[in-house]
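**Q** Quick one: the structure is below, questions incoming.
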């Protein structure tokens, strides 16, 4: 299997492709696993190690995707003026937020009334791009410092909890306080899953990280930095998590079994992403880039396909998984309309008895990836052969 020729940096596309495939596992679990709509796979009282780490492995997806979006912005900007890059980031950010509200909410829930609008990762990427469109005019060292401060310091804000629907409260929900419903009246509401503040920091660091991949940068020096930064982040995770004073909203604790204690240690906060969470996800990502700098084989070619069409893949895989869940209900005698998820379903027992064993989740996940591969490959080839079409940069 030979891919079409591309000037893209393959190790970055490879990493992105791997996390996109892993992401599908989490989303299949959302639609197929027992208690997925209401249960918490990291709840130490109800989870098992395999369920816990099925969720934990997917923690890598969002931070790596946001980080690499920043890196891609740097590389895109290396061929453009600051003004052109700023315009692209701003317009692309607005576009992603629009798609989050209109398209992503629709394919996730199939609720034509939009009774609950959820702001997820596309919103976080879009808003971060808008902020980055302004930050790029600053010195890169200042951008780097801002990124570090947002990532390392935002947990100092964990104690600020607001309530109500005042302008100040709503702004805070979008910046740092997740899962607080914002009523729109008439049985409609907004819920922010991805508060933007730390994600802005992740994208800012990703943008600065692009320096290591600029044209003619010495590969040997890059690999040394990837190794140092990757190992450093992982070591910092164990130090900060071990001290157990700062770096995550929920400290770990000794449990009644060693297994539960280990799970408690790795139960880090994603919403919003804690310092500990980002260290243990971005650190291994840097080591991945170090290890796969020049690796080329049939397996890497497979993942590269998904890594080169992340936007197309994201929307397609959510839609397909949702449709498969409906087909499953029809086959096994359920009511397919239950998969039109409305605000009311979040406060009733609609999904109390719904779900499949974990092995079904993994089976469906593999099936989804195999099904989507040829479509993604065709779209990848189309993109490569139609670089003159400006609108493809937004898709």
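Using N, Cα and C of the backbone, Cβ positions are placed for all residues, glycine too.
Here TrEMBL flags 8-220 as domain 'Heparan-alpha-glucosaminide N-acetyltransferase catalytic'. The transmembrane segment feature in TrEMBL is assigned to 52-77, 89-108, 114-138, 145-171, 191-213, 225-243, 274-292, 312-334, 354-373.
Explain the structural surroundings of these features, please.
**A** Same-chain residues lying 6 or more positions outside the transmembrane segment (89-108) and placing a CB less than 8 Å from one of its CB atoms are 73, 114, 117-120, 122-123, 125-130, 132-133, 136, 315, 318-319, 322, 341, 393-394.
Packing against the transmembrane segment (191-213) from elsewhere in the chain are residues 9, 12, 62-63, 66-75, 78, 116-121, 123-125, 127-129, 131-132, 135-136, 140, 143-144, 146-151, 154, 157, 173-182, 222, 225-226, 271-273, 278, 282: each is 6 or more residues past its ends and has a CB under 8 Å from a CB in it.
Same-chain residues lying 6+ beyond the ends of the transmembrane segment (225-243) with a Cβ under 8 Å from its Cβ atoms: 212, 252, 265, 268, 275-276, 279-280, 282-287, 289-290, 293.
Only residues 6 or more beyond the boundaries of the transmembrane segment (354-373), in the same chain, are considered here, and those with a CB under 8 A from a CB of the stretch are 21, 24-25, 28-29, 32-37, 50-51, 54, 302, 305-306, 313, 316-317, 320-321, 324, 328, 334, 338.
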